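Participant: Sharing a structure with you now.
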Amino acid sequence: MHQKFSICFISFFFLFFFMLMNLFMMIYFIISNLTIMIEWEIISFNSISIVMSILLDWMSLLFMMFVLLISSSVIYWKKSYMSSEINLNRFIILVIMFVLSMILLIISPNIISILLGWDGLGLISYCLVIYYQNVKSYNAGMLTALSNRIGDVMILMVIAWMLNYGSWNYIYYLMFMKNDFFMNVISIMIILAAMTKSAQIPFSSWLPAAMAAPTPVSALVHSSTLVTAGVYLLIRFNLLLEDMFMLKILLLFSGLTMMMAGISANYEYDLKKIIALSTLSQLGLMMSILSMGYGDLAFFHLLTHAMFKALLFMCAGVLIHMMNDNQDIRMMGGLSIFIPVTSLCFNISNMALCGIPFLAGFYSKDLILEVTMMSNLNMMVLYLYYFSTGLTMFYTIRLMMYLMINDFNLMSVYNLYDEDYIMLKSMMILLFMSLISGSMLSWMIFCYPYMIFMSLNMKLMVIYVSLMGGMMGWLVSKMNIYSVNKFLMMYNLNMFFTLMWFMPNLSVYGFNYYILSFSKNLYKNIDMGWSELFSGYGMFNLIKNYSLISMIYQMNNFKIYLFSFVFWMLLIMLMILV
Amino acid sequence: MGNLLGSFNARNVNLNMDDKPTFDPQEGFSYERKPREMIAKEEDLISARIPPKYRDYCAHHLLEYQVCRYKNVPLMYKCAHEKHAYLNCEHQDYVMRMKEFERERRLRVRENRLIGVA
């Protein structure tokens, strides 16, 4: 890799250039309230026309801009992180294909081209998860691919069902078809597809498992692009989904996802899995505010979250490199003394995640919580929201105490360095963005601002909850191996929370196992059994038997001649005599 | 919870957040109440492409905010004054609506008391 321009730099340059182009276009579009649709008819068959269409409005341009910014800085970062990789070109090409399929998904208002982008995301994410070739990666990749396949099938069924309407451009008749019963069926399928992609509760086991991927992939894929595809799809379908009963179920599930992920993150010791679970928690937040009908708030949180979560993963990657490829947070500690700049990035992105005022996460998260407070919902939903906010602070403070404050474990001394300027430069881009993007976006995208009006204590509820969560996190991180461990008194409950409410077990042993063993039986009994007996082997046997019979005649033709001669002679004589 | 707790007592008289006022607006007032007037013009709102759900009594502030945003691209924080004026108006509107809600609730309670529903 001693060329003047490496593939990483070239990819970075082009992606960054497109990002700037998108930025200027986005500002123009948002201020002139412009939407552009480009259609290209591929085939027209009777009354069905299959078109390739492109939708450019401020939402798609803004999302594209964020995806390109994150992917460009991640690719630039990769030059240092994956410098010892042999197949770097293959890796970069995979990542760029991933970004392209995400962009295809973003700009398409057509369910067929959405399926193209959607399937591209699924397939390439599978390839990226199994990039490090070992059994754990294979299992994680298979879990990811199979969980996402449910969503793919749902979208395929939506395509099949939309044949009735003669067009797959759902954007055109979202309002028109709102009270149609079959459109409700379609939107239920769309919600299910989005739930698989965004890892909501029945399907959420794949997101932490997918952390077997290389860290740059996690930074790009599992924080900002792949998992937000479901949220983005639902934002696009938002008009259709208003006042649906399924949305209330989605609200419950996403609220539970938020809480489940927050609790599990507190029991986790794997650095990347903690971050993955916090992603899951934020996804639940997005989905739940979306299911209350505030698509723009979900979009806002999606964007700010993408920024600081990508930065968080990149810092985690640096830490993992330094710790001799060890991901266990118990092996780390006191890092703020040894690697101050990376720790700075890590802490700022963590604080933004918690919603500390005037960082990126504050603007979106606080707005979401206040809008929840303002809207007419029951106590349970509010409890889920606020409890999860406290849990965010809980696991973040715990993680920070383990990594930054506690004593250094001397796991690796030789590796500690903070002068990798390639990594630092790309992290600085995202650091800057996670400082300003919240404020910038809240001015930029809210043409119609939200009015928030509530009493002082309700306004400060977020702060109270965060303070309590932070205190709990500090207390939990004080736990030592020789301290009196009350966790063992509730061992079963402990396991329940550690294993994400047994969801990985349910979706692997409980679901995939039975389906796979059922298909093994089908293979044994149908493919290799009955259908073989009746079609392949059976037909051969039948023809063989018939040809054996005719062979008997052929082999014995002299005897048969004589026999038939005698027989006919006897017959004729009998006829003459009678 | 703002709405949840604020409307908690209203459930006793079967009053929900989305209900329309049912009593005479003049009832119990010594002076004549005027209906509110819409300051922003319909054609302005249409030409500014304001969505129908934002065409309320504060829409004239919203129009000013949009004009300011258009002039100050991309430094939209310069429109903080206009945004504040709009949100202030919305706040006053919210307070007024909540007062009407409370009036409706109290009138219903009074009616129940007069009829003797307990």
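Each Cβ is built from the backbone N, Cα and C atoms, and glycine gets one as well.
Unlike curated entries, TrEMBL annotations are predicted automatically.
Below are the features listed in TrEMBL for this protein:
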type: DOMAIN; residues: A:108-389; note: domain 'NADH:quinone oxidoreductase/Mrp antiporter transmembrane'
type: DOMAIN; residues: A:395-576; note: domain 'NADH dehydrogenase subunit 5 C-terminal'
type: TRANSMEM; residues: A:43-70; note: transmembrane segment
type: TRANSMEM; residues: A:91-108; note: transmembrane segment
type: TRANSMEM; residues: A:153-175; note: transmembrane segment
type: TRANSMEM; residues: A:219-239; note: transmembrane segment
type: TRANSMEM; residues: A:245-267; note: transmembrane segment
type: TRANSMEM; residues: A:274-294; note: transmembrane segment
type: TRANSMEM; residues: A:306-323; note: transmembrane segment
type: TRANSMEM; residues: A:335-363; note: transmembrane segment
type: TRANSMEM; residues: A:383-405; note: transmembrane segment
type: TRANSMEM; residues: A:426-446; note: transmembrane segment
type: TRANSMEM; residues: A:452-476; note: transmembrane segment
type: TRANSMEM; residues: A:488-514; note: transmembrane segment
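Map these features onto the structure and tell me what's around them.
Facilitator: The list of residues near the transmembrane segment (A:43-70) in space but at least 6 beyond its ends in sequence, with Cβ under 8 angstroms from a Cβ of it, reads 15-16, 18-19, 22-23, 25-26, 29-30, 34-37, 99, 102-103, 106-110, 112-113, 163, 166-169, 171, 219-220, 224-225, 232, 235, 299, 302-303, 306-307, 310, 429-430, 433, 445.
Listed by sequence, the residues of this chain that lie at least six past the ends of the transmembrane segment (A:91-108) yet keep a Cβ under 8 A from its Cβ atoms are 7-8, 11, 15, 53-56, 60, 63-64, 67-68, 71, 74-75, 78, 82, 85, 114, 116-121, 124-125, 127-128, 131, 214, 216-217, 220-221, 225-226, 229, 232-233.
Listed by sequence, the residues of this chain that lie at least six past the ends of the transmembrane segment (A:153-175) yet keep a Cβ under 8 A from its Cβ atoms are 47-51, 53, 55, 109-112, 114-115, 118, 182, 185-186, 189-190, 192-193, 196, 236-237, 239-240.
Nonlocal intrachain contacts for the transmembrane segment (A:219-239), taken as residues 6+ away from its ends with a CB within less than 8 angstroms of a stretch CB, comprise 59, 63, 66-67, 70-71, 74, 77, 95, 98-99, 102, 105-106, 109, 114, 117-118, 121, 125, 128, 151, 170-171, 174-175, 178, 187, 190-191, 193-200, 207, 210-211, 213, 275-276, 279, 283, 286-287, 290, 293, 295, 298-299, 302, 305-307, 309-310, 312-314, 317.
Long-range Cβ contacts of the transmembrane segment (A:245-267) within its own chain (Cβ-Cβ under 8 Å, at least 6 residues beyond either end) map to 184, 187-188, 191, 195, 199-202, 204, 208, 273-274, 277-278, 280-281, 283-288, 290-293, 380-381, 384-385, 387-388, 391-392, 394-395, 398, 473, 476, 494, 497-501, 503.
Long-range contacts of the transmembrane segment (A:274-294) within the same chain, counting only residues at least 6 positions beyond its ends with a Cβ under 8 Å from a Cβ of the stretch, are 194-195, 198-200, 204, 207-208, 210-211, 218, 222-223, 227-228, 230-231, 234-235, 238, 241-242, 247-248, 250-251, 253-262, 264-265, 268, 301-302, 305, 309, 312-313, 316, 329, 353, 365, 368, 371-372, 375, 377, 381, 384-385, 388, 391-392, 395-396, 399, 500.
Through the fold, the transmembrane segment (A:426-446) approaches residues 27, 30, 58, 62, 69-70, 73-74, 76-77, 296, 299-300, 303-304, 307-308, 310-311, 314-315, 318, 342, 344-345, 348-349, 352, 358-364, 367 of its own chain, all at least 6 residues removed from its boundaries and within a Cβ separation under 8 Å.
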Participant: Checking distant contacts: for the transmembrane segment (A:383-405), what same-chain residues at least six beyond its ends satisfy Cβ-Cβ under 8 A?
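Facilitator: The answer is 255-256, 258-259, 262-263, 265-266, 271, 274, 277-278, 281, 284-285, 288, 319, 329-330, 332-336, 343, 346-347, 350-351, 353-355, 365, 368-369, 372, 461-462, 465-470, 472-474, 476-478.
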Participant: Same chain only, please: residues at least 6 beyond the ends of the transmembrane segment (A:452-476) with a C-beta under 8 Å from a C-beta of the stretch. Say none if there are none.
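Facilitator: Counting only partners 6 or more residues beyond its ends, the transmembrane segment (A:452-476) has Cβ contacts under 8 Å with 266, 354-355, 365-367, 369-371, 373-374, 386-387, 389-398, 400-401.
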